[in-house]
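Here's the structure we're looking at; comments come further down.
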Amino acid sequence: MRISGQGVLLSLAASVLFVTLPGYVHLLEPLDSLQVVAHRVVWSIPMVFLLVVATRQWPTLRAAWCRLFAEPWLLACFPLTAAMMLLQWGIFIWAPLAGKTLELSLGYFLLPLAMVLVGRVFYGERLTPLQAIAVACALAGVLHEFWLTRAFSWVSLVTALGYPPYFMLRRRMGVDALSGFVFEMLFLLPLALAALYWLGDESQAFREAPRLWLLLPMLGLISALAFGAMMASSRLLPMGLFGILSYVEPVLLFLVAVLFLGEAFRPEQLWTYAPIWLAVLLTGWDSARLLRKQARRGI
């Protein structure tokens, strides 16, 4: 599978959009994490339909809708992928509010290693020498963190191991990123509405924080753009490269946690993150080199 410049840019854009959320959710107080997740689902639906209109994807969405009912196995798979995504959304919203953004970032540091393993074992993808060095650097950093803490956070574990089956299943389903996101949101909508009803009247929260009327729709817009970009990149890139580029997100998460959310970073942890930052630089260099080769060959 060739390297797509568009896929690389989409992956980077998704990472930047996603890492705005840990700080963003603090602006949504006094809503709690469950309320924020439910609102994220509800407000993502109109925003993703606006995205469909803006990108003129109605024919694609209509074709995917027809295929959904023509192939019953797809109809059975979407509730499963929706549940997988809801789990990750819940952790991503809850962790910053619980002061666990650094643990979340460690999970995202582990995720690309899992994705590279998936690419190698299930798709027969080979790593370039620089990619192999990048993975080794990242693995060294992760192992140092385990040695340092003598513990394994469940937040990190669920984040690292939850996404690979999701990406594999979505790739197997062969539904475009935007249509798949629409279907998953529609499957989650009844659950989100039920959660908001069960959690009770929110009028007091909106009176205390009128900004919620603007911030909640914006949450849906950020979610729609970020997830659409991520899924599009996952289909345009080889699984291994897609996994390695995912290191950009935890680096940014780390910076948000330390610089903006005030989470503690001990000097000895530098030996965890320095090899991982080196892995990111090597990956970017290797991706640029491969893209230049393709351009010279006219691919």
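Glycine residues also receive a Cβ, built from the backbone N, Cα and C atoms like all the rest.
Feature annotations, reproduced from Swiss-Prot:
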TRANSMEM  8-28  transmembrane segment
TRANSMEM  34-54  transmembrane segment
TRANSMEM  74-94  transmembrane segment
TRANSMEM  104-124  transmembrane segment
TRANSMEM  126-146  transmembrane segment
TRANSMEM  147-167  transmembrane segment
TRANSMEM  180-200  transmembrane segment
TRANSMEM  212-232  transmembrane segment
TRANSMEM  241-261  transmembrane segment
TRANSMEM  271-291  transmembrane segment
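Counting Cβ pairs under 8 Å that are 6 or more residues apart, the transmembrane segment (271-291) and the transmembrane segment (126-146) reach 3 or more and are in contact. Only residues 6 or more beyond the boundaries of the transmembrane segment (104-124), in the same chain, are considered here, and those with a CB under 8 A from a CB of the stretch are 22, 91-92, 95-96, 131, 135, 138-139, 141-142, 145, 153, 155-161, 163-164, 167-168, 238-240, 242-247, 249-251, 253-254, 257, 276. Between the transmembrane segment (8-28) and the listed ranges 34-54, 74-94, 147-167, 180-200, 212-232, the one holding the most Cβ pairs under 8 Å is 212-232. Counted over residue pairs 6 or more apart, the CB atoms of the transmembrane segment (74-94) and the transmembrane segment (180-200) come under 8 Å in at least three pairs, which marks the two as touching. Using a Cβ-Cβ cut-off under 8 Å and counting only residues 6 or more beyond its ends in the same chain, the transmembrane segment (126-146) has close neighbours at 106, 109-110, 112-113, 116, 120, 152, 240-241, 244, 247, 269, 271-276, 278-280, 282-283, 285-286, 289-290. Three or more CB pairs closer than 8 A are found between the transmembrane segment (34-54) and the transmembrane segment (212-232), so contact between the two stretches is assigned (pairs 6 or more residues apart). Residues 34-35, 37-39, 41-42, 44-45, 48-49, 52, 61, 64, 68, 78-79, 81-82, 85-86, 170, 173, 224, 227-228, 231 of the same chain, all 6+ positions outside the transmembrane segment (180-200), place their C-beta atoms under 8 angstroms from a C-beta of that stretch.
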